[in-house]
Structures are given as structure tokens and as C-alpha cells.
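Feature annotation from TrEMBL assigns domain 'SSD' to 374-504, 839-968. Here TrEMBL flags 12-34, 375-398, 405-426, 446-466, 473-498, 542-562, 819-838, 844-866, 873-892, 907-933, 945-969 as transmembrane segment.
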Amino acid sequence: MSWFARVLAHHPYVVLIAVAVFSSTCVIIPLTTLKLPNFKDPQLGFEARGTVIGQRLTAWDNLQEAIRPSGLLTIKPNIPDSIPRKNKGAEVPQIKTSNISLLNDLVDKHPNISIEIEPEIHRNLTEDSDEEREAWFDIMNPTSHHHHNHLGPDSFFCTEPNTENGRMVFSSVSGTDLFQLGPLLDMCKFSEILTSGPEYNQICDQVSTRTRKCCPLWSLPNYVAVINNKTSCFNITEEDVFYTKDLIKRCQKYFISLDYIVPNYSNKEMPSECTKFNHIFSLIHYILDYEYSSKSEILKDVMVFLPIARSTVILDYYHSIESLGYYKNIRISAIDFGLKNTLFDECLVKDMRLVACGATFVLLSMWLYTGSFFITIMTLIAIAFSLGISYFVYMLIFEFKFFPFMNLLASVVAIGIGGDTSLMVFKLWSCARESQSNISKLVQSVHGHSTVCMLVTSLTTAIAFYSSYISNITAICCFSVFAGTAVVANFFVMLAWIPSSLVVAERLTVPPVCPPSMRKIFDGWSKILHGLLVELVLKLRWLWIMLLGSVAVLSIPVVFYYPKLRLPDSPDLQLFSSDHLFEQYDMVYKERFWFDRIQKFDNLRNSRVQMPVRFIWGVLPVDNGNYMDPASKGKLVFDSSFDLSSPDSQTWLLSFCTKLRAQPFYQQTMGPLLPNCFLEVFVKWMDRKCIDAADGLTREPCCESARFPYSKKVFSLCLAKAWISLYNTPVELSMLGVAGPKFAMKTKTGIPKVKALVVEYDANFTLSTSFIDMNHFYQQVETWSRNELASAPAGMRNGWFISYLGLYDLQQSLAKDTILAVLISMGASFFVVTLSTLNFILSIVAVLTITSIILVTIAILVLIGWKLNILEAVAVSLAIGLAVDFTMHYIVNYRMAPESDNKENSVIYSLSMMGGPTLMAALTTIIAGAFMLPSSVLAYTQIGIFLVVVMCVSWIYATLFLLSILTLAGPEAPRRVNQREQHELGALSRVWRRAEHSPSAASATTIIHDEECEISVIQPNPP
């Protein structure tokens, strides 16, 4: 590399221009040729791809897409007239009321599952109601009702509350009962304040476009007013409140039954007041906390519906009331405006200012350290170039189509690494310049040393990122590639950019930033700090070993036993901090009101969602899409060996269904056995008489003359006829769902061919977020199905099982892939440490320290409530790279100590070189992480918390635990130093001691990388 160093020394402007042109080109091309990424759906990519379950889920989705009207398959086969029949009347007619008798032939007496109703896709407009036709007319003729009055029959509200309206939750600040006159009047006034702005008036539903008056809110004070014939909630009295409360108590029993709400208007005992304008039902169903009256006499929370549709239109209005959190004793506890993803997209960009603040802090430290504004600006440009090149490689070279929002977090990494690398090179330059006046030799020496330093640092960090690429989760893979590429790009940019900038800066005259008096203060504090650290390590070595060792040991059960690093319990990604109003609604208040509870639960009587047991044949469980693109699901892959019409397949499938219903996981449910396991009812249908008693027409060959198992031709033709009959049966009776045969749209012979088959039943297992429970269910069904399919004929052997397993697959992938990524990162780190030290004992001690740092860091994160979700999985892998730095710096300096025959002297030397700088590095990184904590975006907050925790733990264990062990068990002669190296080492020690008392302590992570340069500085200069 000496030739490159000479180029840097003699042609710095050429190098800077070349790097700038190349980097700028890499930045401009993707920005001008590609669409900028958007994050309006931040949960994209948070799924497992390529796993066994993941491929099955994708194949199942593709199968459902294939049976759409434009797909390759159909559930209603077509029999062309060209197929010969014995009697024209044998054709299957359009079945109307006679199909009820056909349905009776298909009904099995055995209990079975109810199938999910699939509504008709096409509907004649003439069947629409008058109201629907009027609605269509209004849509097509918007000017015809400009002056229409939207008030309802009560002449107060425009309509009844609707779940598509924006809503917010009011709560009491002091926890008092809200159903009192005082709180009601406060809510009335608060509502007026919230709806008085111009942003609200522009988007609200209006009573009349002529008056442009907004519809009133559906709130408790307004309901009290309208029930008591008051025109405004400001006019309600104490008697009105008492009457409304009493009316709710008297009417509640008619609306609530068996823990779920249902309007029972057929009850003749119901007082007329309970049904008047449906107000009481609306109060119970939409407005009041579900525990009120039935479980508690104190009303804790109330819902307020706004006459505004949940959409992105409300964004400006939300910003206008964002600061209005409370009024007197009433506060807004939660909001649901349908804006979560849109607001996240906005906050993701807006909160980048916090990243900018952290970057400004690092750059300010760099300016104070280098004393050169030029070097600081050039460093900032280099960081931007690194990110730009990474984006270019990511999008155009690797051809990734998906850019998750997590990739933005790589900017934090780039700022830290870029600033550290620049300061490390500058420090080497300053040290070498004291003894070298020749610019060519100066650049050659600094460049050779800095290359090794940057290579070690970049290699460790890049491997930590790239190791996460083995994950099956798309977002993690994309982040690992982008962040790892940013680290590599930073290495190559800094390799040429910073040395060239230093050569140019050498000719510039810049006044010193730090005055001499400030330098003396730094020197004094550095000496005190050095003496304190030496005393703490040497005199309290046993205390640190026992105390910190015990903490590391106790962290093992915390991480792996209790409370342990738990898996996520929701398929939804939390976007904001837990105290955000949007998250509060989803996490706390969504289940406190009846309308939301009913909407969430498929079964109104409880929250139990039965797991379906689906078996699919004819389609291979293959995901041939691009795993790095959530939108690329690939195409449906048919199983060429699938043959349902074979007599052997018919016999085996009939036996399979019988055995399935005998399994312990099978759930018996009353209902008609139609498409579930269609073969059983098909055999019954085929046992009908060959002559129709009603019209005397023949049904051959689809009648009792055929014997099971049927020939291929008879089976295919008769199955198509039976399914056409079932399809033409009224949907309420046939209940066609996802189960049953799926036919090819076209066939060469004209006889419909079954291309896929779905057999579905309910399991007696309910959907759960528990990994253990779901794993038991999956393994039980999967084991049984594999054993059965092993004995299946060739045409049925490639079947597979699927159910609601998306969250379970995500949990399994996070647990397995994170551990594997950690092992890869640890192995790579051990390899780097071994190469750096060339001593087995030091390598073991280093790995022990790194392992302790990782365990304690994860244990702390577990204790503060972290779960192993997407971002946390990345953070765990990143912790490996960050935990290595301090440990490596102490180990390398210990190995290079001049008096290596004495353990204590080696520790003192290592501590004198690295104690102060590493402490300031940790403190500065902690402050940079603290800048992220005020963010409302959970990802930014978690990154800030992670940086604070990992830096604290890493410095404490590297300084106190590692060095204490080395004072007792460290090697005394790890390396023989020749005379030339001894001379250079002594000079280096003097330089480092001066540097330790310099303003470098004010720079954070810079020092981290500066410390690594000891590896290269002591090496002889290249000839």
C-alpha cells in the first residue's frame, strides 16, 4: 500500500475529487432513478420467509389468490355441452328451491364444523334496497343533496355512532367518578375546546352544508342532554344526571346478556324509554366503560366519537390538539384516528432531528479534539458518502426492492464509526508529525497504521451486522445488509478521504480551539482519574472479580429461566412508546368498550378463536418469491403427482377423514358436512336413485349404479356436477368456504379436473400467543399428519398442514435465528481477538469478559421489560460488536506493555493508556444515546436505551473485571519485543501519556478506535 500512500501525499486533491465524484454518483443515481422509500406500512417485512411454516403460509395465500375470479382455479366448475350424456335432462339445472332437498341428501348426521360463509361475489343491482339505491344516487349526483339536513330523528345527533369515526377516551385525572355533574360539564367544555379550531371545521360532518355547522359529538354529556330534552350539554342539571343513570340501570338488563351485548327489542317488558331513539343502547355499546354498572358503580373511562372519518385527513387536526392533553380534571387517555401508520411515517423523519443532535454532539467533540473545522466538515461529508454508497449498493447492486424503516437506524452507526475513524487517523497523524517532517513518509506511516486499525474495527462491526442475515425475517435481513454495507463503505471512504484531507489541512492555518488554561484543567483531571482507576483495580481486585462475576452468573437464569428473554405476544408491531395515545388505545382501552370487544372476538360469548386444521393437496408448499421483498410472494406451484380421481386416492382420503375425526385435537361442532371433507357427502350423494322420481330423468352415471371407489372419468364428471349443485344452493345453506376441491379453469378433455383440495376441520385448541401452547398444537398435528401421509398413495403423498401459525413462526424464527447470529458473532469476535493478541490465555480472558458483558446487558434489558422482537434481535447481535471494543483495547495494550514480565505493571500500563479515553468514550456514547430517549418512535427510544446500557456494562466489565483478572492470571511474557520495537514502544508510551491528558477525552467513540491503533503503531514502517 506504499504506492497509494505516495499518491495521497503528492496528489491529495486528485484523490478527494475522485472519491467525491464516485460517491456523489452513487448518491445521485438511486435518488434520481428510484422512488424514495416510504414507511406508510411499517409492519411490512416483519414476517418469517423461507421456513417450513412460512412457505406453507405463502402457498396458502397464493392458493386463495388463485381461486379469485381472475385466478387459475375456480370453485364452480363448468361442464360444456359437448360432453355426451344419456339424457339431455341429465344436465344439472339451475337449482332453486329444490336444492334444499339436495342439501338434505348432503347433510351428515355426525356433528361437524360450521364453515365460514363466503358471500356472493356478484349481485344484481335490482336486488339492492331503496336505501342502497339512494346512496348510489347520492354518490353519482353529489349536488343533489347539498342542502339536505343530516340530523337524525332525535333532532340532535346526525346519525348513530360508527366504528369508522375518529374517537378518543376521556378519563379522570384524580380517578373520580365521571358520571357526575361536575365532570360532565368539564367534558362538555373540553369537547368545545377540542372542536373549536379551523382544522376541525374543515373536515367534520356537517348538519347542513348551508349552515356549515358540524354535527355534535357522540359524548356522554350530549347523551345526557338529549335524553332530558336539553339543547346543549351546558344546560344539564343534577336531576338530569340522576335520571340518566337510573335509566341506564333499568334498561341495561335488556341489552346485556351472558357477558355480551345484544339489543333485545323483541322483549315486550322493555320500557319504551329504553328504545327511544336507541340512545341507551348507544351509551352502553359505544360510550360507557364496559365494567360500569355491571361490575363497578364508578365510571372510569368514557368514549367520545367525533363526526370525522378515521383517515389521514385528520392528521392536521390531530396536530392541532396534540398539546391539549387535559382540561381541569379531564384528560385524554387514548386516541384512535386511524392515523397510526401515517403518523409513524411522519415521526420517523421528524425525530431524525434527535439523531442530528447526537451527530452534532459527536462533531462538536471532534472539532474540539482536532481544532480543525475543515477536518470536521470533511468527516461529515465522508459519513454522508458512506451512507450514500451503502444505499447505492443495497438498491442497485444487491437489487433489494424493500427498504424497511429500521435501515434508518444505520445512520446512528455510520455517525459513530465515521467520527471515530476520523479522529483515530487524526491522532495518529498528530503523534507521527512530532517526529516526522517529510510529508511522504508521514502519510505512509499514518496510512499503514490506520489501515490496520480501521480494518480490525470495521471487520468486527460488519460481521456483527452481517451475521443477522441468516435470519428468516425479512426486515432483519435487510437491516443487516444495509448496516454491514455502510460499515464496509465507511472503511473504504475513510481509507482515502481522511488522509487526503489531513494533507490539505496541513497547509491551512487554524487558531487553536482549546486555550492553554483549559488544557491544564484537562491534564489535572486526567491525572486524578488515572490514579483513582489504578487504586480501584489493584487494591479491590478480588471485590470486582467476586461482585461482577456473581452478577454475570446471576444474569444466566434471568436471561434463560425467569423472567427470561420472552418472545413477542402479538403479531402487531408496536410503533410508538407505550405512553403514546395511539398505543394506549390499542394496548389498554381497546377492550374496555363493548363495540371494540365484540369487533375483536369472532365468538361473542368469549374470546376463544378455534384453530382450524387445514390439509392441502395439489399445491406444493413452496415460496418462490423474493424473500427480501414482502410484496413478492411468488407463484402457485402445482403438484404434478396429485391425482384425486384415482381409486386408491379416493379410498385413502375417505379413511383419512375418518381417522382425523378420531384424533384428540379434533373439535366436534354441529353443522352440515358439506365442503369440509367433501368425499363423505359425495359418496352419499352418489347413492341416490338413478331415475329422478319427480321428472323421470336419468341421473347416470352419477347415481347408485356406480360403486365406490369410482373410475376416474365417473369421479371427475360426477364431482363437478355435485359441486355445481352445491354452488347454486343458496349461500346461507351451502356455506361454501375455503374447504373443498378447486377445479382448473380449463381442461383439454372438457371434464373439470381437480387441481387442488382443501380438507378443513376445527381443532379443540384455541388461538394463543403462548409459544409453548402453540408449539404443542403444531407438533401434535404435524406429527400425526406426517405419519398418515407416509402411507398415502403417490397421488396424495405431498399433502401438508397449515393453520393460524404466523405469530408462532415469527416467535420460532426470532428465538432460533437470534441465537445462531449471536454464536456467529461470538465466533468471529473470538477469531479477531485471537489474531490481535496471539495469546491463548488473553483470548480466553477476553471471551469470558465479552460473554459477561453480553449476559449482563441482556439481563438488564429483560428486567426493564424488553421482549425478543425484531429490533431487540438486531440489538443483541450489535451488542457483540460493541462489547468487543473496550475489551480489545485493554488486552492489546496489556500485551504491548514495555515491562511485560510483571502482571501489575502491564495492567498499570494498559490502564494508563486506555482508562481515561475509554471512560470518556463510554460517557459520550451514553449522552449520544440519551439524545434518542425523548423520541416518540419506539425504535429510536430502544436504540438509545440499548446504547446507554451496553456502554455502561462494557466499560465497567472491561475496566474493572478484565483488568482485575489480568492482575492475578494474566500472562507475564506474552510477547518478546525486539530493540527497535522497544524503542518505538517507549516513544509511543510517552506520546500516549501526553495524548491522555489532551482534549481527546472530550471525544467519545473516537477514542475507542484510537485505542485500537496501538496494534499498528508499534509495527515497523514499511520499507
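Placed from the backbone N, Cα and C atoms, the Cβ positions cover glycine too.
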Within this structure, do the transmembrane segment (873-892) and the transmembrane segment (819-838) have 3 or more Cβ pairs under 8 angstroms, counting pairs 6 or more apart in sequence?
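Contact criterion met.
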What counts of helix, strand and coil residues does DSSP assign across the domain 'SSD' (374-504)?
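Helix (H, G, I), strand (E, B), coil: 116 helix, 1 strand, 14 coil.
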Mean pLDDT across the domain 'SSD' (374-504), rounded to an integer, is what?
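Averaged over the domain 'SSD' (374-504), per-residue pLDDT gives 85.
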DSSP helix, strand and coil counts for the domain 'SSD' (839-968)?
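Computed counts for the domain 'SSD' (839-968) are 109 helix, 1 strand, 20 coil.
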